[in-house]
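**Student:** Got a structure for you, questions after.
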Amino acid sequence: MNNRRNGLFRNSLFYILMFLSLMGIIYFFFGGNSGSQTQNIRYSEFVKQLDKNNVKNVSIQPSGGVYKVTGSYRKARTTSSANALGIKSASTKTTSFSTTMLENNSTVDQVSKLAAKHDVKVTAKAEESSGIWVTLLMYIAPVILMLFLFYMMMGQAGQGGGNNRVMNFGKTKAKPADSKQNKVRFSDVAGEEEEKQELVEVVEFLKDPRKFVSLGARIPSGVLLEGPPGTGKTLLAKAVAGEAGVPFFSISGSDFVEMFVGVGASRVRDLFEQAKKNAPSIIFIDEIDAVGRQRGNGMGGGHDEREQTLNQLLVEMDGFTGNEGVIVMAATNRSDVLDPALLRPGRFDRKILVGRPDVKGREAILKVHAKNKPLAADVDLKEIAKQTPGFVGADLENLLNEAALLAARRNKKQVDAADLDEAEDRVIAGPAKHDRVVNKHERETVAYHEAGHTIVGLVLNDARVVHKVTIVPRGRAGGYAIMLPREDQMLMSKRDAKEQMAGLMGGRAAEEIIFGAQSSGASNDFEQATQIARAMVTQYGMSEKLGPVELENANQQAAYQQGMGASAFSQHTAQLIDDEVRRLSQEAHQTATDIIESHREQHKLIAEALLKYETLDEKQILSLFKTGKMPEKDSNEFPSEKAATFEESKRELERREAEKHAQNQSADDKQADSADTTTNVSVAEPSFPSESDASSEVSADSSVNSTANSATESATDSDVATSATGLPNAESATPSSQDDTNSQA
């Protein structure tokens, strides 16, 4: 701290001395010209001019023990002055003069006699009360003011108006985090157990490196956290800082680059210099893709400064001098654009993928965020976790926050299941538009449209189940149907993809069958279905004509759509792709048409129920499909308990394990009798036509499913989308992270 203050003082003093020197030089050479209006003459010269009758008037004023004499000539006089080097300047004309004389009676009498002789007006003034100090202040005050303004301007120049001082803009903005203020611990990070285990080693190494050093292990140079937005990468870094108890420097990738050339590299050097002084320590760079993008991709010299900063970062992380005792943690959701030199071992030794949580992870995340929220007895967090596949931690936190806001708006003391259900709909499709005026024909069109999605989803239900269908307008959607996967999926099979496309086509097929017309309400359905079909052909190798080849990936497709790249295949191949996409879409449309034609009665029942009740849940939909009636109301329909603590969950797990062990032991003792008395219990379900009896496994990894399953950017295994039936230009109203919920409009 003292070094920084000394450096600041030296820099400030340097600029002040430069300013004073410049003023001295100007005064040294040109100060002689200041007398061009009033000529300063000797007393003898004054007496001589007064005797020659060249003086018009005179003023005499006591000042500091002498008399100050000022006056004016009768005619302008030509004078030439010289500067401090004796060099004469140009001649000037003057009419005023000034001089001093001794404060005695003889000099005063002499001047008075000469003035009376030539009729010169003499004026006597009182002595100045301010004295010489006021005079000095009048001359010095403007100089001091100018120096102060100059100092303030230079102090603000470093950071564009920031709080740093002169020449301090090359210093890093990262400051060691205060461990007392950071309350985040690993226990606050749920749903990422494997990721935490990888980081536990880093924390233990920083606390006690002897266990690792004894085995010849070295401390990792860097840890890269990559994954979709909202999965908790920054929260993990905060938890590491809270657990490690070592100096933690946090900075954003964009903070390295400023308007001045070389500032980024200077800040990198200063950051690592501070971290090494406080070693062992951790440096966390959030959004490192802002400074770590691959070099050589810029056009012209627009990226030279960023590349210079990246080069300095590469050297600091693993250069000639090494980087002992400093661990670099970085977070990004665009690891594909990072420079290969930054990703190699020795710089980022460990790459941790922070993915989307599974159903258990979502339940754990919900429990963490529900700690400070009073939940009613009918809230089942496990059920909510099942209903939110694809949601990340940020989405789940937002879901509970929306539910709490709704409960407060309704003047409730607790957050109940109705609040959470409404919050889920708001997050997926936006707020409800109950007051929107919809004419009778459009309302019927929306009802039969959504019933078409529902019927196809009920028939092709090997992998997905219909969770909810509604015709209440939300956002830009006139209605929507939510299809949930039976369990978390990481892959998508060809059969599953075709079933999803058929479900999306169910709305248009129902409109054509019932009304013999087409509306714009299916536009969003076509958008999703086309994306799935195109991904099947160009990315997943599910086309017999084109075979198992990858013709484009998500990045190439985005660049081509923005006009920044050329197609990677010929025009003939492009025509084949279009033909295959059209064929798959037409097959899905025909499948949906056949299913609705063969289930016209159930389709009508569900549509009429939607017109009456507006929203149907899973139990009501299944009852209408199987029995043709709405289910009876049950007060204990949703039995649930409050969110369990860790110890309660552990005891419950032990109890279930004990019961399971006892049942297995009993089965072994009575194997013969149990074989005769075992009753096969099966749920009575209708016989639904399907393509095969095989289980619906999926064959696309989570990084590719975003194109196949939703209009969102993030990598998922299915989709959430809404479209407004009967409303043109309907757009998806879903967050990019909850793609596992198939909401078809």
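Glycine too: its Cβ is placed from the backbone N, Cα and C atoms.
Look at Swiss-Prot and you will find Gly227, Pro228, Pro229, Gly230, Thr231, Gly232, Lys233, Thr234 tagged as ATP binding site, backed by sequence analysis. Sequence annotations record features per position, and here Swiss-Prot assigns compositional bias 'Basic and acidic residues' to 630-673. Annotated compositional bias 'Low complexity' per Swiss-Prot: 690-704, in sequence order. Feature annotation from Swiss-Prot assigns compositional bias 'Polar residues' to 705-745. Feature annotation from Swiss-Prot assigns topological domain 'Cytoplasmic' to 1-11, 153-745. Per Swiss-Prot, topological domain 'Extracellular' is recorded for 33-131, and the stated evidence type is sequence analysis.
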**Student:** Long-range neighbours only, meaning 6 or more apart in sequence with Cβ under 8 Å: which ones does Thr234 (ATP binding site) have?
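**Tutor:** In sequence order, the residues whose Cβ lies under 8 Å from that of Thr234 (ATP binding site) (at least 6 apart) are Asp286, Ala331.
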**Student:** If you average per-residue pLDDT over the topological domain 'Cytoplasmic' (1-11), what number do you get?
**Tutor:** 51
**Student:** Please give me the CB contact count at 10 A for Pro228 (ATP binding site), counting all chains in the structure.
**Tutor:** 25
**Student:** Judged by the number of other CB atoms within 10 angstroms, which among Gly227, Pro229, Gly230, Gly232 is the least packed of the binding-site residues?
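**Tutor:** It is Pro229 that, of the binding-site residues Gly227, Pro229, Gly230, Gly232, has the fewest other Cβ atoms within 10 Å.
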**Student:** Including all protein chains displayed, how many Cβ atoms other than that of Lys233 (ATP binding site) lie within 10 Å of its Cβ?
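**Tutor:** There are 25 of them.
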**Student:** For Thr231 (ATP binding site), which residues of its chain lie six or more apart in sequence with Cβ-Cβ distance below 8 Å?
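**Tutor:** The list for Thr231 (ATP binding site) reads Glu192, Val354, Gly355, Arg356, Pro357, Val392, Gly393, Ala394, given in order along the sequence.
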**Student:** Around the ATP site formed by Gly227, Pro228, Pro229, Gly230, Thr231, Gly232, Lys233, Thr234, which additional residues qualify by having Cβ within 8 Å of the site's Cβ center?
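**Tutor:** After dropping the recorded site residues, what remains is Ala331, Asn333, Val354, Val392, Gly393, Ala394.
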